[in-house]
Every structure is written in structure tokens, then in C-alpha cells.
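**Q** Questions regarding the structure given below will be posed in turn.
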Ligand SMILES: CC(=O)N[C@H]1[C@@H](OP(=O)(O)OP(=O)(O)OC[C@H]2O[C@@H](n3ccc(=O)[nH]c3=O)[C@H](O)[C@@H]2O)O[C@H](CO)[C@@H](O)[C@@H]1O
Ligand SMILES: C=C(OP(=O)(O)O)C(=O)O
């Protein structure tokens, strides 16, 4: 199994281009099933994106990569079934359900994979699709879904603004008869990006000032060309890497606005930020100062996906930082690995208390999940000695050219088979 070897204590300096957002490109690729013949630009090279293309191919669409673009051909006939092996490869496989039922009127899928962050039920997805007229029956780990006639628009109040459920409803409701209103819809930038793509294909999706999403169903969608937004979580990770190494790094191709909840924490740590709409320069303080409380919340709050990379920087900041994880029940799996590297962290339920230490040291550590793995790599960049990072397949799900990017700004990091 490949692993990363990271020799720490190298100051990061230079410029780095941030890739397109994993959490945008995946639902957009699912939605292409309804429009066909699309060109999607700024698609990162990630194993999750490969998985999405494999699902599209299995369903009957051709996909071809040209540079950072993916060309998706129209599926003449859709096979309507995603096998278990493909479903398990990522969380976003569930977002294909809304697309398949809208296109074919029936679907057979099993449960999705993705990072293990505690229970990740899909009850909100299924209840919403039922409201749109889908009948769902469980059959030995598979869901058999059927639509009588056509999907019908409905009022769908979400008890929690689930990102995936909002996406599934948006895609399915685009071809439903009549209007769908999603109350308490997720507001993440990736939701707006999916809406922009659907609208480019002829859908009618709009957000009202109170944050509700209104989707007026249309008869069919047409092909479109779309460019995916920058990955705000990759940006937050590379800023964390710059901060923890006392570095001076400029990120290109970002959307600063999407990072509004994250950037103030770097300033609190004493880092200087110079921002333009598509560029952020971080000049780190030495030593870093602890952060006040970081509470993860749905957008526009602090993103749960950025919790672990920021925690890695807090490990070497002077003073104590508090993290409160409000989105997932079990998103501190990286903590025992950081402790192996000398971090001082206590976890109680949703709260993690990080006492900054003077120095981290190298160790043999495992990626526990995607962002947890990236966080451990960030810590290793600051640690004395050479860290051996295992199970790096998690990192490949969400970071394009992770080690090349970091090496380009001065990190001593290499992948060994
Ligand atoms: C591929 C993708 O875009 N992944 C992101 C997406 O995941 P994902 O779409 O899975 O996240 P959700 O917003 O749906 O989940 C948030 C919370 O709602 C709960 N829930 C969700 C659905 C449901 O049917 N029932 C239910 O109880 C989940 O268990 C979790 O506790 O949003 C998360 C929250 O911003 C991010 O961390 C993930 O990176
Ligand atoms: C949790 C994440 O991904 P997924 O939902 O695909 O598991 C993530 O991107 O941090």
C-alpha cells in the first residue's frame, strides 16, 4: 500500500493553485444524467471523481477527460441500477438516486459509502423523494424505487439542512411536475453551484431571500457547459499547512467569499492575510496563538470539513483552543493519531480541547478519513523528524496532487509504493 513520508519543520513558501471543489463536481456529474452531452470544467483529479464517472458509465453515459474538463455524453438508455461496489466507493453515489428516478422512473441502489464520521443515515433523502412521488422498498440492502407516472413537486421542510438531501431533491425536482419548495435547504456554495449548473441546463431553480429553494419542474434539460467552483476545503487545508510551518503562501484560484467563516481564525492565530476575490496570501505568525472556540455549523457557519486541518494548527499554537463538532457525531478520529505525534488533546463528546505544545514529533500514523488524513499530514509538516503516513487513499479522494502541491511550496513530502 502506498504511503507518504513527510520530513517536517520546512517553512512553506510560494504560490499554489487550488483545484475545483469535490463536493460540487460530484452532484453536478450526477445531474448530467438528465441533460447529457455536457462539458464540466475545473474537475479535480480525485478518486471520488473517477467513481462518479464509473457510475455514469455504468448507467450508460460516456465520460472522457480532457485536461481539467470532463465531457459527459448523453445516455440513450439508462440501466437504473448502481451495484453495491460502486455505491460504497463514495458518499455522493446517493445523489445519483434523484437523477435516476427523474430520468427512468425507477432505480435500484444500495447504501452509499464515504468517510465514516458516525452514523450517516439517508432518511431525509428518502423521505423527500417519497414526497415527490417515489415509492421506496428495501430489499436485502438494496432500495427499489419506483415512480408512478411522473414526479410531482411538493413542499419539503428539511429538519436539518442536509447537503446531500438538498442536492437529491434539487436534481429530482428539476423534472417534476409543478413546483417544489425546500424549506431549511442547505446553503453551501456547492448547492449554489449545482443550482447554477441545473439552470444552465434549462432548469428553474431559485433561492428566495429567506433561504428556501424553489424548483419549478421543466419537461427536459438540455446540455450545458459549466465550470466548477474552487474547493474551499482544500484551500483551508493548504492555509493550515502554511500557518503551521510559519510559512508565506499565496493560494490562487480560490473564492475568498466562501472562506469567510474560516479566515478569521487564521487572523486570530496571528497570521496576516491579504485577500483579493480569487487570491489569498497568508503570512504566518511565529509562534501561532490559540483560537477562540471553533464551532462547526451548516454554511455560512464554520465548515465541519475544515475542523481537522485547523485543529492540526492549534496543536502547536500557544494556549488552548476549543473545538465543538456539531455536524457529525464522530469526527475526531484523527485525534488519537495527532496525540501519537505529541499533541495534547482531550475529547469529551462533541468538544475537543487542544492545549498547544512547543513541538510535535514524527510517528507512524494512519489516515482515519479524508480530512482527518489531511490534518495529520498538516501536523507532520510541522513535526520534528520523518512521519510515515499510511492509508493515504483517503487523501486521494479529496486532494488533487496533494504531495506535488506541497512539494511545490517547499515541503519535503514523497509518496512511496
Ligand atoms: C460529498 C459531500 O458533499 N459531502 C459533504 C456533505 O456530506 P453529506 O451530504 O453526507 O452531509 P449532510 O449535510 O447530509 O449531513 C449532515 C448531518 O445530517 C445527518 N443526516 C443527513 C442526511 C440524512 O438523510 N439524515 C441525517 O441524519 C448526517 O448524519 C449528519 O450528521 O456535507 C457535509 C456537511 O457539510 C460535509 O461534511 C461533506 O463533506
Ligand atoms: C466528509 C467528506 O466527504 P464525503 O461526504 O464524501 O465522505 C469530506 O469531503 O470531508
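Note: Cβ is positioned from N, Cα and C throughout, glycine not excepted.
Nobody curates TrEMBL annotations by hand; they come from automatic prediction.
Keep in mind that this is a model prediction, so the values were computed, not measured.
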**Q** Among 68, 139, 305, 344, which residue does TrEMBL annotate as binding UDP-N-acetyl-alpha-D-glucosamine together with 91, 120, 121, 122, 123, 124, 327?
**A** 305
**Q** If you compare CA-to-CA distances from residue 123 (UDP-N-acetyl-alpha-D-glucosamine binding site) to each of the recorded positions 22, 23, 115, which comes out shortest?
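**A** Looking at Cα distances from residue 123 (UDP-N-acetyl-alpha-D-glucosamine binding site), the smallest one goes to 115.
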**Q** Consider only the binding-site residues 120, 121, 122, 123, 124, 327: which of them have a Cβ under 6 Å from an atom of ligand 2? Write none if no residue does.
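**A** What lies within reach of ligand 2, judged by Cβ under 6 Å, is none of the binding-site residues.
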**Q** Measure the Cβ-based neighbour count of residue 122 (UDP-N-acetyl-alpha-D-glucosamine binding site), defined as the other Cβ atoms within 10 Å of its Cβ.
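**A** Summing over all protein chains shown, residue 122 (UDP-N-acetyl-alpha-D-glucosamine binding site) has 18 other Cβ atoms within 10 Å.
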**Q** Those recorded positions, 23, 115, 120, 122, 327: which ones have a Cβ sitting under 6 Å from ligand 1?
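**A** Only 23, 120, 122, 327 qualify.
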**Q** Where's the emptiest Cβ shell within 10 Å among the binding-site residues 22, 91, 120?
**A** 120
**Q** Counting Cβ atoms within 10 Å across all protein chains shown, which of the binding-site residues 123, 305 comes out on top?
**A** 305
